[in-house]
Each structure stands twice: as structure tokens, then as C-alpha cells.
Amino acid sequence: MTTAAPSSPATSGEPLSTIRVAGLSVRHRRTLALDSVDLDFGPGVHGLLGPNGAGKTSLIRVLATVAAPTDGRVELLGDDVRDHRRRAAVRRRLGYLPQEFGYYPGFTVREFVAYVAWLKEMPAADTPAAVERAVARVGLADRVDAKVKTLSGGMVRRVGIAQAIVNDPDVLLFDEPTAGLDPEQRVEFRELLRELGTSSTVIVSTHLVEDVAAACTEVTLIESGHVAYRGTPESLTALGEAAGGVGDNPIERGYTAALRTHRASPAPALAVEGTAR
Amino acid sequence: MTGWHASDDLVTRYGDGTLPEPDAWSLEKHLESCGHCAARVSHAVRTTPAGVVLAEVRGAVLGAAPAPAPAPAPTGAGVAVGAGEVPAGAAGVAVGAGEVPAGAAPGAVPARTAPRPSLPSTRARIWSSRYLGRPSPVPRLTRVLWAAGPAVRGAWLPAVLLVAVGAVVLAYGAGFAGTRPLLLAVAPLVPVVGVALSYGAHADPLHEIAASTPAAGLRLVLTRTVAVLAVSLPLLTLAGLLVPSSGAPGAAAWLLPGLALTLASLALAGYVGCRTATAVTGGGWLCAVLVPALAAPGGRLTARLSEQLSYCLDGAPAQGGWAAAAVLCAVLLAARRPAYDRLERP
């Protein structure tokens, strides 16, 4: 288990990584949620797939600097987040949509998003315009002064997306963002994802394989605390066609095929290094 | 757009409503930017029973519209999305006939978007709704309330008011002589409870989001603690001044202990989390004050409580001790700043 991997500066030719994770382990009481995971992410939209309890949320929470890793090194935007001064600087450039989040019952959409902007220490002068923009980007401009508690589940989730993007973050972490969105909203959200991915590093944890196929530039499959597969949606689809997993469409077959391969493999860590870019 | 166009089979199945939902969504997405396919789908739909209804609607709308209508026909955008507004026919299949691009609509009559008055077109292009006017600034008072945190906004504030008002009512309404000692015994707990209700996953519904922001940690904890103290210190001291002394220490005697216990809770929270810390300090205070009063022999309970409180609060040594404890805890807080970033262990 690597405790303090030496920080290797990005070698020339390699795309600049905004997120670097080395030897990351997260333990919840007795269960090991993540087991010595090494991952790099650059700008683009990265799909994080895996069964329930695979460690997706644990990874996202560590990257969001909400949970502390048990072991290993996490570098966001070039800064080690163990240093609390640097962590504050990183957090200003971070957007995070938790799988579940609450809100203050009296808040309107505008107040909710502005409150998070305030927590993110955005300049007060820029906040109102940034809030309007974020709310408009998730299509809630006509509900900006509605109380959050009067909104439907899908709309609340979009409010959550709005608070995550209000500071135009460089690193965006979405945990199950499409849960509760209807098909049309999901299509719109994928469009937003692609747009965000042009400038930011976006990590989307999801169960919905088709979301990954439609919106992501890269796929990372996590299974019981290990990285089971890394590649593009196309390569996962190709794997599904070649290996013939179970599923209704090629990428679903790729997903199940990759999972099976990983489960059958005695040394998962080697497979990871083979496919990581 | 790529060179992809809807196959005839796809168009037919969309028209008769046998296309699965996901495929229909994807086709509709394509129609937004492809006038050619939109016209083909529109044609296919008009051959179905829904087409008759659509034609009627179209006729009625065009008849009702003012004769010279120079508005340009909309392009492909919005063709498919109006589906929910069409009254009858195959559900989710019909395409708003009036919105089909030119070519499908013979004659020079400009195609107009035709939402029925009773059905506002709220569904259309949900995510791309436009900016609405100027952004309105957030008032200063709102910012103060934000800083106040969940405790001061939530159930804690009524609880503080209840304690303060209850003390006065108890003293004058019910004529209870032991109000002052009772109030002094309870008062230091109030800010401690406020701290417990201010920060952490159990207390703050927004905690998961707040914890990922630069405000998280000691800064937010302290901001909210200040709000809690700003509300509880004056209110409870005022209530203490209003009720008769009945042998208990002065109304302001609890201020330093209250502050010290609050700071001790915060200092301890860096080690064991907010909830446990406040339970320890609050419970500790109760034990120090109530247990000896209950255990001591003779006299009325309020008299014994007064005596015990005098012992804990009265005189320079006691107050000096509380002040020293407060300073010590403040120093500990400052020294352990980073620990407050992640009060919730994974």
C-alpha cells in the first residue's frame, strides 16, 4: 500500500491531469470501500460506473474533500488536499452534487443557489448574475423565486446541479445526477454535461449506462473498491460486442463483460494499469 | 449535424406509436435540428387517426388567427416537443402540425406556433429556458440569516424564547420563587445546544454540500456559534434580570460559564465531533450543578440549587476559573483549526 507516492510532475506529451489519485484507500468501519486506487482525470466528462456499493460514492466524496481518505494521496488542480490552506483554494474551484442533499425549507431556488455561492466565497458583486446563469442553465429560470420545497424531485435535483455549477468550477463531481430526471431532462442534462466537459473536469457517477454512452468521453468502472476497467464508451461498447456480456444494448453488454472479466481476474490491479491511459 | 437521417421504418413506427420511448426521444432530438426528417415524420403522423385531430386543430387555430400574419415560420426547433399540447390522438406521438416547417404546409399561410390558451406551453424546451430579466441582488438581511445557520433559523430559536419567556411567566404568573436558580442552571446549556444544532450532517440539511466549500470547517462553525451566542446571551440575561433573585447568583453570572462551555464544546468537537462534544459538556454541566443539589441533605431543592450555583458561579475565583477555561479552549480551537474541516469521519 503506497502511503506517500512521490508526486510526479506531468511528463510532456501526457495530457494534464486535474485530478490525481494515488494509492487511495477508504475504510468505513470494517469494510474497505476503496482499496489502493490509482486514477488520473483530465478535462472532459468521465463516467464512473459500477454496481451498488462498489465505492463510487466513496471516491466522489473524497474528491469533493468531504471525506478524508484512510490512506493515499489526492491531488486536485495540482494541490494536495491534505494541506488545509490549499484545500480551501481548491474548494473554491469545486462543484459537488451529492447523491442526497437537503435544503432549508424556507429557501427559494435563488436563495439556495446564492447561499452556496456565498459558502463558496464568490465575490458578492458577481453572485446575483452567476446565480441567474446557473439556474437558467438547468432550465429553472421561470422557477427562480419558487420555494425549493414546492418543486418536484427532478427539479430539486436540477437545483442541486445549479448550485454545483454556480462558481464555474474546474472540477465538477456529480453523484447520480440523473436520478429523478425524466427522459427529456436527461437528454438536456447530457447536453449540459458535454458543454461543461469542454472546459472542466467532470466526473459523473451513475447507474445508467446509456448516460455514459451519450455524454462521456471516458469511462471508469469500479467494482468492490478496485478499478475494473478504464476506457472510452466506444471501447466498452466494442468489448461488449466482442465478449458478449448480458444486456439490452452494446454498451450494457460491455459493462457486464468488463465486470465479469474483472471478477474472474485474480490480480485486478494489473488489469487497471494495462488500460489506464 | 451528421449525415444520419431517420429510416422510413423508424418514421412509420413513430407515427403509429409503436416506437419504444427511448428511441422516440432520440428521434425527437434529431427532429429539432433536421427539417427534412421533421417533415417526413409530420407526414407520417398525419396519415394516422391523430392526423385528423391535428388537421382540425390547425384549421381552428389558423381560422382564429388574424389574417395578415407575417411572422416567419419557425425552423426545425420545437417541432417535436409540443407533443404534450396536442389534445388527442396517439399519446406522445403527435407532432404539432402547425409547427412543421414549410414544405409540409402547402400554401403561403405562415405556420404559427399554436399553443392552446388553456394549455400553457411550459413543457417546451425545459432546460433551455432563457434568462428572466435582471438579476436581483440578495438583501443584506438575508446574508445575515445565512450566516446564522440552521440553529438560529430552526427550532432552537423558539426554544430559547420559550426558556426566556417561560422563566418570566413562571416567576410572576405562577409566583415560583426558585426561577432564577433554575434559569441559571439551564442557561449555559442553551448555547451549547445551539452549537450542537448548528453544524454537521445530523443538524444541517445542507451539510454535505457545505462541507465541500471553502467556508466549511472552523469558519462556518464559528460564524454560527457567534449567531447562537448573539441570540441567547442577551435574551437569557434579560430574563434573568426580570425574575427575582431569591438568593441565587446575579443574572449575568452565567455568561462566562456559558461562553466557556460553548468554547469547550467546540474544542472537543475537533476530536469527537459536534454531537458527542456538546453531549459531554452539557451533560457535564448538569452533573456539576444538579447532582450535588439533588444529593445534598435538607432544605428545599431550589435552595440547594441556589447554594450549588453560588458555589459554581459566585465570586472572583469561580468567574476567573471560567474565564481561564474559556481562554484555554479558544487557544485549543485556534491550534487545531484543520481538524474542523472534516468533523464527520468517513
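Any Cβ shown, glycine's included, is placed from N, Cα and C.
Caution: TrEMBL annotation is automatic and unverified by curators.
Sequence annotations record features per position, and here TrEMBL assigns domain 'Putative zinc-finger' to B:9-38.
Away from its own ends, the transmembrane segment (B:155-176) comes close to residues 182-183, 186-187, 190, 193-194, 197, 228, 231-232, 235-236, 238-240, 242-244 of its chain (Cβ-Cβ under 8 Å, at least six residues beyond either end). Under the heading transmembrane segment, TrEMBL lists B:155-176 (among others).
Tertiary neighbourhood of the transmembrane segment (B:182-201): same-chain residues 149-152, 154-156, 159-160, 163, 167, 170, 207-208, 220-221, 224-225, 227-229, 231-233, 236, 239-240, 243, 248-249, 251, 253-254, 257-259, 261-262, 265-266, 269, 273-275, 278-279, 281-282, 285-286, 289-290, 302, 305, 309, 313, 343-344, selected by CB-CB distance under 8 Å and a gap of 6+ residues from either end. The transmembrane segment annotation in TrEMBL covers B:182-201 (among others).
Taken from TrEMBL, the feature transmembrane segment covers B:221-245 (among others).
Annotation source TrEMBL lists transmembrane segment at B:251-272 (among others).
Taken from TrEMBL, the feature transmembrane segment applies to B:279-296 (among others).
Marked as transmembrane segment by TrEMBL: B:316-335 (among others). Tertiary proximity for the transmembrane segment (B:316-335) is limited to same-chain residues at least six positions away from its ends with a CB under 8 Å from its CB atoms, namely 218, 253, 256-257, 259-260, 263-264, 266-267, 270.
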Let me know the model's mean pLDDT on the domain 'Putative zinc-finger' (B:9-38).
81
So, by DSSP, how many helix, strand and coil residues make up the domain 'Putative zinc-finger' (B:9-38)?
23 helix, 0 strand, 7 coil
